[in-house]
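Here it is, the structure in full.
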């Protein structure tokens, strides 16, 4: 049965996941577990090197250079310790993504539009991480800045599970948890991994069923059926769309959340079920 092709985000990330991203995430998992077992003290730097390598392989040397340049500029501006300058720097860096000449130049780096979009999404999310690091650098006093070095910023920015699409984890939480050394149990981690994979597979199957059977997004892009539908039917379509949005992000955020857990970090909470919410504030976060 053909699927609803109108949800670009789901189709895009599923395609990239099958082709390369899931393999790179599996590589991160392997490096993480080996470093936790053998060189726990150097785990952040092992994961940083892996993240930079994965970025280079997926986005090419030019894409890698763009993200490294954004991180370097953000770190340099943070040295002034002014929140206003940090926000201004972030907005300017984001605005460069919409300059026509820059867009055209970046498109020429890649063979397909999908590769260019991957760079665009990744740079946008990395800008959030650079902003988090820079703001926390501004807010902390000199005694607290020992872990706010450029090397720690690179470890944070190039942490691969959250690299392309989030979720966002602020720098203080990341560095504090990454520095914490805990007893490592391969058996416990393996059970967490198996349960997590089963749960994500169930969510993925549910999302695929919805997109193959319900055609919510195709209906929304076809005015005649919407004009003929009753208010109750329109309300049902709206509910179906936000429920799919919820299930979709259980998968898209569930995979990195599982890897965060395997790395000994506490992942951000997954989205709440929209049927139980009276406000969309948490959903947009």
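Every residue, even glycine, has its Cβ placed from backbone N, Cα and C.
TrEMBL entries are annotated by machine, without manual review.
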Of the residue ranges 147-169, 262-284, which one carries the transmembrane segment annotation in TrEMBL?
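Going through 147-169, 262-284 one by one, TrEMBL flags 147-169 as transmembrane segment.
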Answer with yes or no whether the transmembrane segment (116-135) touches the transmembrane segment (46-69) by the criterion of at least three Cβ pairs under 8 A, sequence separation 6 or more.
yes
